[in-house]
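Please read the structure below before turning to the comments.
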Amino acid sequence: MTDASIYPVPAEWKTKAKVDAARYAQLHGRSLADPGGFWLEQARRLDWIKRPEIAGDWSFDEKDFHINWFADGKLNVAANCIDRHLATRGDQTAIIWEPDDPAEQPRRYTYAQLHKEVCRFANVLKAAGAKKGDRVTIYMPMIPEAAFALLACARIGAIHSVVFGGFSPDALAGRIQDCDSTIVVTADEGRRGGKKVPLKANVDQAAPLCPSLEKVVVVRATGGGVDMEPGRDAWYHDLAGMVADECPPEPMGAEDPLFILYTSGSTGKPKGVLHTSGGYLLWASLTHEMVFDYRPGQIYWCAADIGWVTGHSYIVYGPLANGATTLMYEGVPNWPSASRIWEVVDRHQVEILYTAPTALRALMKEGDDFVAKTSRKSLKLLGTVGEPINPEAWRWYHEVVGEGRCPIVDTWWQTETGGAMITPLPGAVDLKPGSATKPFFGIEPQLVDGEGHLLSGATEGNLVIARSWPGQMRTVWGDHARFFQTYFSTYPGKYFTGDGCRRDEDGYYWITGRVDDVINVSGHRMGTAEVESALVLHGKVAEAAVVGMPHDIKGQGIYAYVTLNANCEASEDLRSELKQWVRTEIGPIATPDAIQFAPGLPKTRSGKIMRRILRKIAEGDVSSLGDTSTLADPSVVDDLVANRVA
Ligand code: 6R9
């Protein structure tokens with residue numbers, strides 16, 4: 001590591017930041033040495049109905065497997081995000097909403113207005129039959145009502161399950177069925193980059209597949225025409241007109257569920273990651289304040305979608321728990337032009353911007369002029385999340401976007417972790433482009449080899465977390481055995497992240513990417529098995545194997561090897577048809593970038609597909625395929641190499 005690749009904490013951050021290097025060392029040290037004391041103290045940042053007297057109570061061992069935090073505490077998450085701010089900042093803006101189309105006016109909600117909106121939404125859900133513990137699926141565009149819906153669930157103790165608006169009717173149906181949702185909240189249509197997304201029509205397709213579903217509440221967003229099924233469907237505005245705008249928050253145990261969020265894993269079926277109330281909110285709020293050095297009054301923008309965990313923790317729960325002004329953006333980064341993000345920054349005087357490397361790479365490609373013609377003077381801090389950021393994109397973000405003045409917090413975390421885990425604190429840690437740097441308070445990362453041996457010093461291995469933290473997921477909805485199996489059985493006694501990681505001589509962590517069968521496409525997790533299942537559903541496909549391949553913008557692209565049924569012809573038309581097929585089955589983000597027709601796949605004699613070989617071929621690295629002698633038919637490899645899709 002040369003000095004040129006280290007970006008020291010700027011002088012004014014050293015003195016003004018909430019946490020400097022000495023304080024970080026002290027707090028991190030104490031969080032590990034006295035976790036009970038440390039976390040009970042931190043828990044005071046929340047507004048408890050009953051303050052907890054116990055912090056973590058957990059064991060990762062199979063015999064005694066359990067994870068609880070603040071279990072004797074009682075609180076309501078929505079009251080923490082809204083009610084407790086009313087006395088001090090009722091008239092402060094809580095949410096700024098920036099519409100897809102820049103010609104339209106933004107909307108603003110103060111905390112007092114947010115209170116009314118959320119109470120009304122909560123009463124609508126109650127009127128639709130929702131009770132504490134019921135599951136409510138939220139399939140919404142990025143409009144303020146999406147945030148209201150989350151908070152309304154939290155207010156009445158219903159468990160929300162947000163399904164990304166880009167998912168297909170089938171994917172939506174699977175997620176409604178898995179948790180037996182009784183209510184779906186949706187909108188007539190969504191908008192993204194000037195295009196309409198038929199959300200209600202998708203719900204209509206999914207609904208017949210979902211026996212648990214009783215009510216569909218439809219928010220009017222675009223005014224586009226939709227079919228309403230009498231008895232099942234109701235307009236939000238009709239119901240809202242009939243209910244009060246006061247709704248007492250439901251007292252919840254700290255370990256009562258807050259939400260389910262489905263995420264891809266190594267197997268075909270998405271997992272319902274369950275987060276609970278107290279520990280999750282504490283984690284979202286503490287990390288939001290410390291990682292972004294957030295101060296009341298600052299305009300903060302996390303440019304994620306509410307359909308992903310980043311939107312949950314860093315658009316809604318973390319910022320609102322901290323009384324922040326959080327910006328919600330309906331659109332995409334490159335429409336109507338590649339200046340859009342920077343224009344929104346200027347329009348709202350955004351001080352903190354948090355986005356994904358894939359968006360940065362896409363904008364970087366358009367050239368610096370789109371950035372240079374905007375001011376960006378308001379920006380003080382930049383953040384990234386979702387995938388490893390390549391140093392080139394990091395430097396562009398730092399030099400061109402931030403004009404060298406803004407630290408970049410590269411935050412490594414997962415749906416499962418609830419919030420940031422390995423991340424710089426901007427006043428405390430010198431930055432190295434591409435490294436998520438150091439662990440947050442309470443986090444003890446370790447690197448292990450394939451056999452689970454602990455590796456020390458500068459080294460590379462599999463990233464595990466050696467102890468529980470408050471924001472940790474608590475179970476896979478409906479399948480606790482799968483929770484243990486997925487995360488705690490590979491390296492007994494430790495949480496396995498599924499990521500590979502390098503630690504350098506300064507103790508900095510560098511995430512190298514997934515080591516399981518998950519690929520990271522534009523910061524979105526895709527299980528290769530999910531794409532494979534979708535492909536084999538097609539009548540002409542006998543078998544499919546999917547791997548990641550390097551992609552300039554997306555980070556990783558999807559490369560599919562497809563074996564056709566006997567007497568089916570490979571053709572360009574079939575290739576496009578299969579791409580469209582996967583798009584319809586799962587959603588646009590799962591569309592394969594390359595499809596190679598393969599008469600045979602490389603299998604071991606026991607029938608296991610050797611993905612290592614398929615990955616190498618997809619990467620174009622055919623000189624080092626390694627040992628192929630254990631294959632049942634080594635000759636298939638020559639055919640695969642010869643017919644690689646460039
Ligand atoms: C928050 C979120 C989690 C996976 C994770 C890792 C990758 C996320 C990263 C990063 C390198 C970062 N990842 N942040 N890799 N540096 N700063 O993205 O959650 O959608 O569950 O994805 O994303 O591979 O395991 P999720």
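Just so you know, the numbers here start at 1 and follow the chain as drawn.
Any Cβ shown, glycine's included, is placed from N, Cα and C.
Those TrEMBL annotations? Automatic predictions, nothing curated.
The following features are taken from TrEMBL:
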BINDING   ARG192, GLY193, GLY194, LYS195, THR310, ASN334, SER522, ARG583  CoA binding site
BINDING   GLY386, GLU387, PRO388, ASP410, THR411, TRP412, TRP413, GLN414, THR415, ASP499, ARG514, ARG525  ATP binding site
BINDING   VAL536, HIS538, VAL541  Mg(2+) binding site
DOMAIN    24-81  domain 'Acetyl-coenzyme A synthetase N-terminal'
DOMAIN    83-468  domain 'AMP-dependent synthetase/ligase'
DOMAIN    530-608  domain 'AMP-binding enzyme C-terminal'
MOD_RES   LYS608  N6-acetyllysine
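It is 24 Å from the Cα atom of SER522 (CoA binding site) to that of VAL536 (Mg(2+) binding site). Taken residue by residue with DSSP, ARG583 (CoA binding site) is part of a helix. In the three-state DSSP classification, HIS538 (Mg(2+) binding site) falls within coil. Only GLY386, TRP413, ARG514, in sequence order, out of the binding-site residues GLY386, TRP413, ARG514, SER522 have a CB under 6 Å from ligand 1. Candidate recorded positions: PRO388, HIS538, VAL541, LYS608. Nearest to ARG583 (CoA binding site) by Cα distance: HIS538. The domain 'AMP-binding enzyme C-terminal' (530-608) scores a mean pLDDT of 94 in the predicted structure. Note: THR415 (ATP binding site) has non-local neighbours LEU261, THR263, VAL273, TRP308, VAL309, MET473, ARG525, i.e. same-chain residues 6+ apart with C-beta under 8 A of its own C-beta. Remark: secondary structure over the domain 'AMP-binding enzyme C-terminal' (530-608) totals 24 helix, 27 strand, 28 coil, with classes taken from DSSP. The Cβ of GLY193 (CoA binding site) has 14 other Cβ atoms within 10 Å, all protein chains considered.
For the pair formed by LYS195 (CoA binding site) and TRP413 (ATP binding site), distance between Cα atoms is given as 31 Å, rounded to the nearest Å.
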